[in-house]
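*Asks:* From Swiss-Prot, for reference:
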- Ala240, Phe241, Gly242, Cys243, Gly244, Lys245, Thr246, Val247: ATP binding site (BINDING)
- Ala2: N-acetylalanine (MOD_RES)
Amino acid sequence: MAAESSYGFVYGVSGPVVTAEKMAGSAMYELVRVGHQELVGEIIRLEGDYATIQVYEETSGVTIGDPVLRTGKPLSVELGPGIMGSIFDGIQRPLKDIADITQSIYIPKGVSTNALSREARWDFVVSKDLRVGGHVTGGDIIGTVDENLLIKHKILLPPSACGTITFVAPSGQYTVEDTLLELEFAGRKQKFSMLQIWPVRSPRPVTEKLAANNPLLCGQRVLDALFPCVQGGTTAIPGAFGCGKTVISQSLSKYSNSDAIIYVGCGERGNEMSEVLRDFPELTMEVEGVTTSIMKRTALVANTSNMPVAAREASIYTGITLAEYFRDMGLNVAMMADSTSRWAEALREISGRLGEMPADSGYPAYLAARLASFYERAGRVKCLGSPEREGSVTIVGAVSPPGGDFADPVTSATLGIVQVFWGLDKKLAQRKHFPSINWLISYSEYMRALEEFYEKNYPEFVSLRTKCKEILQEEEDLSEIVQLVGKASLAESDKVTLEVAKIIKDDFLQQNGYTKYDRFCPFYKTVGMLKNMIGFYDLARHAVEATAQSDNKITWNVIKDSMGDLIYQLSAMKFKDPVADGEAKIRKDYEDLAEAMANAFRNLED
C-alpha cells in the first residue's frame with residue numbers, strides 16, 4: 001500500500017473535470033489515478049491544497065471522498081521498437097492488446113496495459129564503436145533493430161544520459177526492458193534498455209534547427225505544382241464538411257515521400273479511422289524488390305469523437321512526441337492531425353468547466369498560444385548525438401471550421417502560424433472537382449526555399465508554375481466579362497486563355513484519387529503535363545497574335561478544328577499509369593506530343 005501522503009480525496013466532479021483536496025505537494029501536469037477504478041487524469045490547476053484534474057476517461061460513478069493516487073510523474077509515452085503498425089488511443093494505450101485482454105469491443109475503465117509489448121523479442125545489432133571504457137552522450141545510437149522492412153529502428157540513448165560505458169550487451173534477441181548498456185557518471189551507475197519514457201508536453205531536444213529545402217511530394221498535382229510544402233514544414237487544410245480533407249490527409253500518408261507517418265484521428269468519426277485501418281494494410285510499396293504493407297511505416301493514434309473529450313488534447317501531444325522520436329533517428333516524419341478544430345473544442349469545453357474567461361466564440365484566450373506550441377514542434381533539425389544525422393517533422397493539420405467560415409478563431413489562429421494554406425472550397429466540391437483546393441486563396445510560403453531544388457532537378461519548372469498561375473488568374477478575371485456579354489465578344493487571345501485554363505482545371509488540377517493511374521502522380525509526370533499544357537498555350541497565343549493583322553487569320557476555332565486530336569491528347573496525358581508505363585515511356589510520350597504540337601502549329605502558320 002502506498003504511503004498515506006500520496007493520496008488525496010475527490011472534492012467535486014463536473015464532467016471530465018474533477019477537483020481533489022489534500023493534494024499539497026503535487027505538481028502541475030502530474031499524472032494521477034482517480035477513484036477506486038484508478039482512472040487516468042492529469043493535474044491542470046493547483047490552488048492551496050486543492051487540485052483540479054482533467055480525467056482522460058468517463059467519470060460516471062466517481063463520488064465525493066474517493067481516493068486520488070498521485071504518481072509523481074508527468075503524462076509520458078513509451079518509445080521503443082513496436083510503435084509502428086500499432087494503434088494507440090490518446091494516452092498511448094494499445095487498443096489491439098486491450099481488445100485481446102478483455103475480449104470486448106469496448107475499452108473498460110481504468111484499464112492499464114503497457115504501450116509496448118514486454119514479451120516480444122527483437123533482433124538487436126550493437127553499434128560497432130561501442131566498447132567498455134568508451135564515452136557516450138545523449139542521442140548517441142547504441143544499436144539498431146530491424147523493426148520491419150520499412151523502418152530500421154535505431155536505439156538511441158535518452159537525451160539526458162552521458163557517461164563512461166561499464167557494460168555493453170552483445171548483439172542478439174532482447175525484449176524492450178533488457179539491459180543493453182550500463183553507464184557510470186560521477187559515481188552513479190545507470191542501466192539503459194530499448195525503452196525510453198518521455199513526457200509528452202516537452203519537446204525532445206535537438207542540436208540545431210535547419211532551413212528546410214526538400215519538398216514534401218504528396219502525389220497530388222495541384223499541391224506539388226502550385227502550393228508545395230517542405231519536409232519539416234507546417235500546413236493547414238481548412239474546409240467545410242464533405243470537401244475532402246480526410247482524403248487529402250490520407251493520400252498524404254499513403255503516397256508522400258516521408259519515411260514514417262503518424263496519423264492522429266482527433267475527435268473525428270470512428271468510421272474514418274476504421275477506413276484507414278482497412279485501407280492501409282492493403283496498400284503496398286516496393287522495398288528492395290519485396291512488396292510490403294504501408295502500415296509498417298504508420299502509427300495510428302485513434303481518438304474518435306465518442307471517446308472522452310479530455311483525451312483529445314493528449315492525443316495531439318502523444319502523436320507529436322512519437323513523431324519527434326522517429327525524427328531523432330534521422331527520418332523524415334509526417335504527422336497528420338485530423339482535425340485540430342476538435343482539439344480546440346476540447347480546450348473550450350475544459351476551459352468552460354474551469355470557469356475561465358472566454359474569448360472569441362467561447363474559445364479560451366490561450367488558444368493561439370496552444371496551437372503555436374504544437375505547430376512549432378515541426379521543422380528540419382540536426383539531431384542530438386553521433387553519428388551526425390538530419391531528421392524532420394512535417395505537420396499537416398486539418399481544420400474544420402463550422403459552416404466553412406475561414407474567419408473562425410481556430411482557422412485564423414492557425415493561419416497565423418502555418419506556412420502553407422491549402423484552402424478547400426465547398427463550391428468546387430459540389431461541382432465534384434476533387435481535390436477541391438481553391439487555387440485563388442491557397443498559398444505556400446516555401447516557394448523561395450524550394451527554388452534551389454527545382455533549379456537543380458527541373459530547371460524549367462518555376463517559370464511554368466508562374467505562367468500557370470497567371471492563366472488561372474486571368475481566367476477568373478475574364479469569367480466576369482463572359483457572364484455579362486458571352487464568349488463570342490472576347491478577343492481571340494482571351495479565348496485561347498479561357499480554353500487552356502479549362503484544360504488546366506479539368507485535366508491537371510483535378511485528380512481522381514480512386515483510380516490506378518491518378519491516385520498518385522510522380523513529380524516528373526506533373527512537370528511533363530504542365531510543360532505541354534503551357535507549351536500549347538504559348539504556341540496558340542503566338543499563332544493568334546502573329547496572324548491577327550494578316551488576311552488568313554488564325555482564330556481559336558481554326559486551332560480547335562485542325563487540332564482536335566492534339567487537344568484530346570493534352571487532356572489524356574493524365575491517363576498514363578506511372579506504375580504500369582514507367583518513367584522513361586511517359587517522358588518520351590510527353591516529348592513526342594510536344595513535338596507534334598510544334599509541327600502542327602508550324603504547318604498551320606504556313
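Just so it is clear, glycine is given a Cβ too, placed from its N, Cα and C backbone atoms.
Given the structure is predicted, the values throughout are model-derived calculations rather than measurements.
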*Asks:* Across all chains shown, how many C-beta atoms besides its own are within 10 angstroms of the C-beta of Val247 (ATP binding site)?
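*Replies:* There are 17 such Cβ atoms around Val247 (ATP binding site).
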*Asks:* For the recorded ATP site formed by Ala240, Phe241, Gly242, Cys243, Gly244, Lys245, Thr246, Val247, name the remaining residues of the chain with Cβ within 8 Å of the site's Cβ center, in chain order.
*Replies:* Gly239, Ser400, Leu424, Ala429, Ser436
*Asks:* Non-local Cβ contacts of Lys245 (ATP binding site) (under 8 Å, 6 or more apart, same chain)?
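*Replies:* Ile237, Gly239, Asp338, Ser339, Ala398, Ser400, Leu424 - these are the non-local Cβ neighbours of Lys245 (ATP binding site), listed in sequence order.
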*Asks:* How many other Cβ atoms sit within 10 Å of the Cβ of Gly242 (ATP binding site)?
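*Replies:* For Gly242 (ATP binding site), the 10 Å Cβ neighbour count is 13.
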*Asks:* How many neighbouring Cβ atoms, not counting its own, are there within 10 Å of the Cβ of Ala240 (ATP binding site)?
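*Replies:* Taking every protein chain into account, the count is 18.
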*Asks:* Could you check the binding-site residues Cys243, Gly244 and say which one's CB has the fewest neighbouring CB atoms inside 10 Å?
*Replies:* Gly244
*Asks:* Can you see whether DSSP assigns Phe241 (ATP binding site) to helix, strand or coil?
*Replies:* coil
*Asks:* Just jot down the residues in the same chain as Phe241 (ATP binding site), at least 6 apart in sequence, with C-beta under 8 A of its C-beta; none if empty.
*Replies:* Ser400, Gly404
*Asks:* For Thr246 (ATP binding site), which residues in the same chain are close in space, meaning a Cβ under 8 Å from its Cβ, but six or more apart along the sequence?
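*Replies:* Long-range Cβ contacts: Glu268, Glu272, Asp338, Ala398.
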